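J.: Pasting a structure below so you can have a look.
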C-alpha cells in the first residue's frame, strides 16, 4: 500500500515538474515573440518617420520654403 502511495506521489511530482517546464518554455516563446514584434514596430516607425520627412522636404522644395539663401 505504501509503495502505491509513493508511486502516485512520484507521478504527481513528475507531472508538476513537466507542467512547470512546459509553462516556462511557453513564457520564453511569448517573450521572444513580444521582442520580435517590438523590433518590427520600431523599424516600421522609423520608416514612416523617414517617409514623412521626405514628403515634408518635397513640399518645402515645391513651395520654395527650402531655399538656403
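Glycine is no exception: its Cβ is also placed from the backbone N, Cα and C atoms.
Caution: TrEMBL annotation is automatic and unverified by curators.
Pulled the feature table from TrEMBL, pasting it below:
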COMPBIAS  1-18  compositional bias 'Polar residues'
COMPBIAS  19-32  compositional bias 'Basic and acidic residues'
COMPBIAS  35-46  compositional bias 'Polar residues'
COMPBIAS  48-69  compositional bias 'Basic and acidic residues'
REGION    1-69  region 'Disordered'
J.: Do any residues, 6 or more residues outside the compositional bias 'Basic and acidic residues' (48-69), come within under 8 Å Cβ-to-Cβ of it, and if so which ones?
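T.: No residues contact the compositional bias 'Basic and acidic residues' (48-69) from elsewhere in the chain.
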J.: Tally the residues of the compositional bias 'Polar residues' (1-18) by DSSP class, grouping H, G and I as helix, E and B as strand, and everything else as coil.
T.: 17 helix, 0 strand, 1 coil
